[in-house]
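*Asks:* Okay, handing you the structure first.
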Amino acid sequence: MSSLYNISCFAAGLAGNVFALALFLSPVPTFKRVLKAKSTERFDGLPYLLSLLNCCICLWYGLPWVSDGGRTLVATVNGTGALFQLAYISLFIFYADSRSTRVKIMGLLVLEAFVFALIAHASIAFFDQPLRQLFVGSVSMASLICMSASPLAVMGLVIRTECVEFMPFYLSLSTFLMSASFAMYGLLLHDFFIYFPNGIGVILGAMQLVLYAYYSRKWKASESSAPLLA
């Protein structure tokens, strides 16, 4: 029974890592365009900075001296995510259109490093277990909920425009499957700081898929009924 439980935990966490990889790779087309144009054009670097901070905090939570027994698959997925975000930010800095943009992104990156260092130091210096896990878990949960809520703006845009062009199906599906996998992983480990924010991610991911199913039909119908130019 114990081995079945361990296998189930590992399978859920591994599935979450696989689906998260699809999310981490989703900006690749954007940066292919940046590399081709040798310019960041009007793209915003802030989402990658926020994703990096989220990954670093969740990586810290997954380490054995923070979480009781460690959360290895949480650490691996967020370590991988942090490397991807660093690569994207480096490209953004290198191809920034202006010196002011470059300085701004680098300044925010330094500030982010300071914030993470402060959280990590405070967790070690001022808290022993189980309060350390409670402190870092609360911060990581707040960060994850903020990241999960970020698609709300896109969902609002879809409803207003009745167009799913800016909400790719496979990105929404990957978000839903990753959140579902880690929600299950958290439930199996009885870890509130994992299953609660990912449970919210499941709800928001399902809402995106429902919106896509509803508005994609309307969008395709409007495209097919559009008059052809002479």
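Quick reminder: no glycine exception, Cβ is built from N, Cα and C everywhere.
Positions annotated as transmembrane segment by TrEMBL: 6-25, 46-63, 75-96, 108-127, 133-157, 169-188, 194-215.
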*Asks:* For the transmembrane segment (194-215), I need the partner stretch with the highest count of C-beta pairs below 8 angstroms, choosing only from 6-25, 46-63, 133-157, 169-188.
*Replies:* 169-188
*Asks:* For the transmembrane segment (133-157), which partner among 6-25, 75-96, 108-127, 169-188 gives the most CB pairs under 8 Å?
*Replies:* 108-127
